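Here's the structure, in structure tokens; my notes come after.
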Amino acid sequence: MELDNTMLARILTSLTLGFHIIFAALGVGIPIIISIAEWLGIRKKDPMYTLMARRWVKGFTVTVAVGVVTGTCIGLQLSLLWPSFMKVAGEAIALPLFLETFAFFFEAIFLGIYLYTWDRFKNPYIHWLFSIPVVIGSTASAFFIMTVNAFMNAPQGFTLVDGSIVDVQPLAAMFNPATPTKAGHMILSSYATSAFVLAAIAAWKLLRGNGHEYHRKALNFTVALALLFSFGTALYGDFAGKYLAKYQPAKLAAAEWHFETKPQSPLILGGVLDPETMEVRNALKLPYALSILATGSPNGEVMGLDQIPRELWPPLFIHYLFDGMVAIGMYMLVVPILYFIWRRWKKGQVPRAILHAIFWGAPLAILAIELGWIFSEIGRQPWILVGYMKTQHAATTADNVGEMLVMFSLLYAFLAIVSSIVLKRMFKNKPVELELK
Amino acid sequence: MSMETLAITVLWIFLYGYIIVASIDFGAGFFSFFSKITKRDHIVNGIIERYLSPVWEVTNVFLIFFMVGLIGFFPDTAYYYGTALLVPGSIFLVLQSLRGSFYAFAHYGARNSTAYLFVYGVTGLFIPASLSTILTISEGGYIEQTAGGEVILNMGKLLTSSYSWSVVALALVSVLYISASFLTFYADRAQDTAAVKLLRSFAIGWSLPTIFASFLVFLSIHRHNPEHFDKMMDVSWLFLLSFASFCGALALQLKRRNYGWAFVLVMLQFAFAFFGYGIAHLPYLLYPYVTITDSINSPAMGQALVIGLIAGLFLLIPSLILLLKLFLFDAKYVQGRPIQK
């Protein structure tokens, strides 16, 4: 690996995005959960749910702050590290970037109002109403930014003349073939991850022997949402597979080590690839499964890497990332089902094993988001704008990218440590029992 | 009005909005720190925190909005500024990240630590200084393009130029002046006499350096970019109005009354100067490489952006008014008393 400007710019961009995405996913998912909890609290006249909303929103402010500042970083790094890309594609992605800022603006204004008006209105629904624009704003900004990334994967809605993009059709560029699956999969996985993170807190409390009704209710509520959202994520994952087969076969073929174009293709789970002979060892092969995943029919033909010139292959290690993401996705679906089966048929205490499984669901869910993103981004290499512009032609020509990489690494390490300490201290000093009085 | 004139006008308004709200925020951070080390923090901290808490995130978005809009309407700026500003831009991002995240952390116990207030106060001065260099660079003379088309920022020239330092000086003193004028008004609404007294002394103290630095910048533009200076002279009436507003604000502050109007006059002082500077800057966005006619060339995208802009403003302006009503014009909130509606 040569550490030229392009490589350094890639590392710095992935570092920023990899760090930002944790907070961004929580920023998209937590508001909707808080909003539902507050609404349930008002409707059922149950102070427990209201307290959930109040406690979660406190922690949420810290994650939002880190999300905002790292989001600012990636927003500007797009121009600082990839000026040649912005010169070519800037015009095509201007509208969604702009709309994303509006959605963010909208969210920021109403989050401020929501946070500081808890006891201000006699009618509790008025305060609850302020959570709606926060939910809309956060989900809309995720949607708009996903259309930008989708455009990089499936560019359309413009004409290329002498290396510059002209005659842009903004809506066609925004609503490209990759948009529905990318946005749907990302938004739902953010919701599911947030539900798991909040469920993990409740599971942790119960595991530590704090059997307060608040924690049991919180667990039940968040696991129910986790089940719903994980199911939606899996469904959109399947759509995303079909999209890849149709529009970005290189990415799917590399993810599945599918070298030969043929019908009735098997799905390869796990395994090790011999890079010399291209032979796959120790893998589990599910007959027909790739054809079903890609085309919806066991006889469907799936394009293999043999149809793509060798120099345009994505790196083949993305197979491991893809498998990791899918495995965790399955875990996120199975654990809530087990939890509810237990609650439904074996009334009484949920076994510690399930609580442990829920607890570990939170870090795993975040890991799955990272794996999914790295898979998706590495999977379109060598392109930055698939079919139009290669990554190596897009990076900055300025010096000092290496120094900037060191500086930002230190910044993110610092932010990670301080925000963890703050979050931990915040809840340790104020247990639920104290707040309920 | 042509699309690009409309776009740059709206973006300039947003940048002006950012300068006002961010100055209040940056200055407040510095005053918090300064009051702490001079053991007067109990006088002003309540006022500062009540105002800043609900708005800190909004402040940030004004800037992002300006930058995204600029790149959206004028993609060439991304190429030139993006390449040239890698180092200063990254330093700005780190400072901004520390400050923004610290603000949220502060609510949960860190506020009383001097180290925290130091970072918060000092970044509040470094950020405007680093941002103001972008305005300096836009005057031209610091970015060079090689024969191969590579864009290079001449840091040595930037750091030794008297013009760039006069802009930094103006940014610093303006931040403190705008902030103190606003906080005096806010403290007055909260009927907090002690805070008014202290903040008013800050406001008056920073008024003369502000006007002095403004003249300095005015004169050094003459040396650095005579073409721009001549265009500024064409709209000299705007700068005269700016000076008149300054005198009015100072008179009200010295007479200890109408702090609200005094702040309005401070806002006008900066508005006239900022728009005078901006009008004279046109058509250049980066002298002499990028002009506003180098804007997007797809009519459909231009149209979509303008529609998006207008629709977005219809959403934003009422929301901002609501925010101000709840936290700035609500007497009980400002005074820190419990409210039930």
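Placed from the backbone N, Cα and C atoms, the Cβ positions cover glycine too.
Curation does not apply to TrEMBL; its annotations are automatic.
Taken straight from TrEMBL:
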type     : residues  : note
TRANSMEM : B:6-34    : transmembrane segment
TRANSMEM : B:55-74   : transmembrane segment
TRANSMEM : B:80-105  : transmembrane segment
TRANSMEM : B:117-143 : transmembrane segment
TRANSMEM : B:163-186 : transmembrane segment
TRANSMEM : B:198-223 : transmembrane segment
TRANSMEM : B:235-252 : transmembrane segment
TRANSMEM : B:259-280 : transmembrane segment
TRANSMEM : B:300-328 : transmembrane segment
Top stretch by Cβ pairs under 8 Å to the transmembrane segment (B:259-280) (candidates B:55-74, B:163-186, B:235-252, B:300-328) is B:235-252
Listed stretch, out of B:55-74, B:163-186, B:235-252, B:300-328, that has the most CB pairs under 8 angstroms to the transmembrane segment (B:117-143):
B:163-186
Same-chain residue ranges lying at least 6 outside the transmembrane segment (B:235-252) that approach it to Cβ under 8 Å
181, 204, 207, 210-211, 218, 258-259, 261-263, 265-266, 268-273, 275-276, 279-280
Do any residues of this chain, six or more beyond the ends of the transmembrane segment (B:300-328), have a C-beta under 8 angstroms from a C-beta of it, and if so which?
3, 6-7, 10, 50-51, 54-55, 58, 69, 72-73, 186, 334
